[in-house]
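Annotated in Swiss-Prot:
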DISULFID  CYS8-CYS61  disulfide bond
DISULFID  CYS9-CYS24  disulfide bond
DISULFID  CYS12-CYS57  disulfide bond
DISULFID  CYS14-CYS22  disulfide bond
DISULFID  CYS31-CYS38  disulfide bond
DISULFID  CYS35-CYS50  disulfide bond
DISULFID  CYS40-CYS48  disulfide bond
Amino acid sequence: GDDVKSACCDTCLCTKSNPPTCRCVDVGETCHSACLSCICAYSYPPKCQCFDTQKFCYRACHNSEKEEVIKG
């Protein structure tokens, strides 16, 4: 679906098994769009992390263009 296509992750950890088990460990105000199991800490702003595991990593959220925009 579109949720999986638009999902992104900057920090993805995978096991060395075959197939690998991968998990996105990004912490942010929301979880990525394809996340089914999103756990958020009651803080302001909230700190959320996705606890889904899958056999792949999503593409990185930050490409060089976005980083330049943030720095500017």
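For all residues, glycine too, the Cβ spot is worked out from N, Cα and C.
Model, not experiment: these values are computed from the prediction.
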Euclidean distance between Cα atoms of CYS50 (disulfide bond) and CYS61 (disulfide bond), Å: 15
Rounded Cα-Cα span from CYS8 (disulfide bond) to CYS31 (disulfide bond), Å: 10
Listed in sequence order, residues with CB under 8 A of CYS14 (disulfide bond) and six or more positions away: PRO20, THR21, CYS22, ARG23, CYS57
Nearest-integer angstrom distance between the alpha carbons (Cα) of CYS24 (disulfide bond) and CYS50 (disulfide bond): 6
CYS61 (disulfide bond): tally of other CB atoms within 10 A of its CB: 15
